[in-house]
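Quick look at what TrEMBL lists:
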| type | residues | note |
| --- | --- | --- |
| DOMAIN | 13-337 | domain 'RNA 3'-terminal phosphate cyclase' |
| BINDING | Gln104, Tyr294, Leu295, Gln296, Asp297, Gln298 | ATP binding site |
| DOMAIN | 184-285 | domain 'RNA 3'-terminal phosphate cyclase insert' |
| ACT_SITE | His320 | active site, tele-AMP-histidine intermediate |
Amino acid sequence: MAGPRVEVDGSIMEGGGQILRVSTALSCLLGLPLRVQKIRAGRSTPGLRPQHLSGLEMIRDLCDGRLEGAEIGSTEITFTPEKIKGGIHTADTKTAGSVCLLMQVSMPCVLFAASPSELHLKGGTNAEMAPQIDYTVMVFKPIVEKFGFRFNCDIKTRGYYPKGGGEVIVQMSPVKQLNPINLTDRGCVTKIYGRAFVAGVLPFKVAKDMAAAAVRCIRKEIRDLYVNIQPVQEPKDQAFGNGNGIIIIAETSTGCLFAGSSLGKRGVNADKVGIEAAEMLLANLRHGGTVDEYLQDQLIVFMALANGVSRIKTGPVTLHTQTAIHFAEQIAKAKFIVKKSEDEEDASKDTYIIECQGIGMTNPNL
């Protein structure tokens with residue numbers, strides 16, 4: 001089973017937790033022993049943080065692997081994977097570390113498990129520097145399911161910075177193989193909708209103000225569509241701590257989904273939070289791609305594993321995406337080509353096609 005160790009430099013390119021997530025997931029899937037050095041070397045707090053540690057421990061538990069060097073502040077780990085098994089697995093960041101990032105690292109692995117899995121993920125559901133759980137459910141889920149699998153995501157409790165305390169339960173069954181995807185036809189925007197939330201002690205007026213400011217901002221650019229942003233007061237028993245934020249989704253005639261989102265911070269007025277999300281959405285609609293800048297890198301691992309050629313059309317290729325491609329090529333030996341889109345309607349825009357010849361990963365257990 002164990003071949004020579006794959007050596008990964010954790011300080012190159014994006015140089016953060018993402019390298020760990022991509023490399024350990026691929027190591028686990030392919031049964032390749034791994035060593036990652038210089039973990040988060042350039043960050044203000046180098047080495048593993050609590051949320052990275054909980055992700056690593058989760059992958060270890062998913063496959064009964066061996067993990068060495070895994071402690072807070074460590075800049076080097078070695079990981080020796082074994083067979084991926086299904087069943088119930090719990091990961092707790094014990095902080096506001098993102099449950100969405102825990103899902104990102106574990107999902108490709110449990111797709112190739114021996115039996116169905118139930119993941120209990122605890123931490124922040126709506127946290128900075130990570131996708132919000134609403135994004136994961138409303139955008140990531142419907143698009144990633146095009147690879148030919150389904151999963152269920154039940155938000156039990158929402159958790160915010162700095163305490164966390166949220167919990168999400170993800171259920172999924174294994175697949176034999178993943179289908180390639182072709183997302184190159186953007187279509188036209190048909191719907192814009194979203195939710196603006198407050199939780200804990202924050203007044204409901206904050207949710208209404210965020211929603212109203214976002215709608216005004218979008219109306220300046222898109223006049224012919226009804227923009228439906230619901231203000232929401234999170235129920236007390238389903239939210240831990242205080243928080244506010246907004247997510248706005250645009251849906252197109254071909255089923256593409258784009259998002260803009262923002263979280264409130266102390267001292268930032270509600271209008272500003274709403275406008276920030278609206279501007280992010282509008283920017284993602286300008287580039288002519290079929291996915292927004294946050295979905296790009298989340299699809300790379302699935303494209304690498306799929307059985308055949310996948311294509312996605314994107315705006316400018318992000319550093320996260322370049323990093324994911326680099327390690328998918330190094331570890332999984334998938335082949336990627338990134339080129340400028342040649343379509344007429346994209347001529348004036350910064351639009352690219354990311355094409356991948358997937359490795360056709362087959363589940364040995366099915």
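Using N, Cα and C of the backbone, Cβ positions are placed for all residues, glycine too.
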I need the neighbours of the ATP site defined by Gln104, Tyr294, Leu295, Gln296, Asp297, Gln298. Which other residues of that chain put their C-beta within 8 angstroms of the C-beta centroid, in sequence order?
Pro131, Phe140, Val291, Glu293, Leu299, Ile300, His320, Thr321
For the residue listed as 'active site, tele-AMP-histidine intermediate', write down the residues of its own chain that are at least 6 apart in sequence and whose Cβ falls under 8 Å from its Cβ; none is a fine answer.
Glu14, Gln18, Gln296, Asp297
Rounded mean pLDDT for the residues that make up the domain 'RNA 3'-terminal phosphate cyclase' (13-337):
97
List the helix, strand and coil residue totals of the domain 'RNA 3'-terminal phosphate cyclase insert' (184-285) as derived from DSSP.
37 helix, 37 strand, 28 coil
Please give the ATP site's span as the largest CA-CA distance among Gln104, Tyr294, Leu295, Gln296, Asp297, Gln298, to the nearest whole angstrom.
13
Across all chains shown, how many C-beta atoms besides its own are within 10 angstroms of the C-beta of Leu295 (ATP binding site)?
25
Who sits close to Gln298 (ATP binding site): which same-chain residues at least 6 apart have their Cβ under 8 Å from its Cβ?
Gln104, Pro131, Phe140, Val144
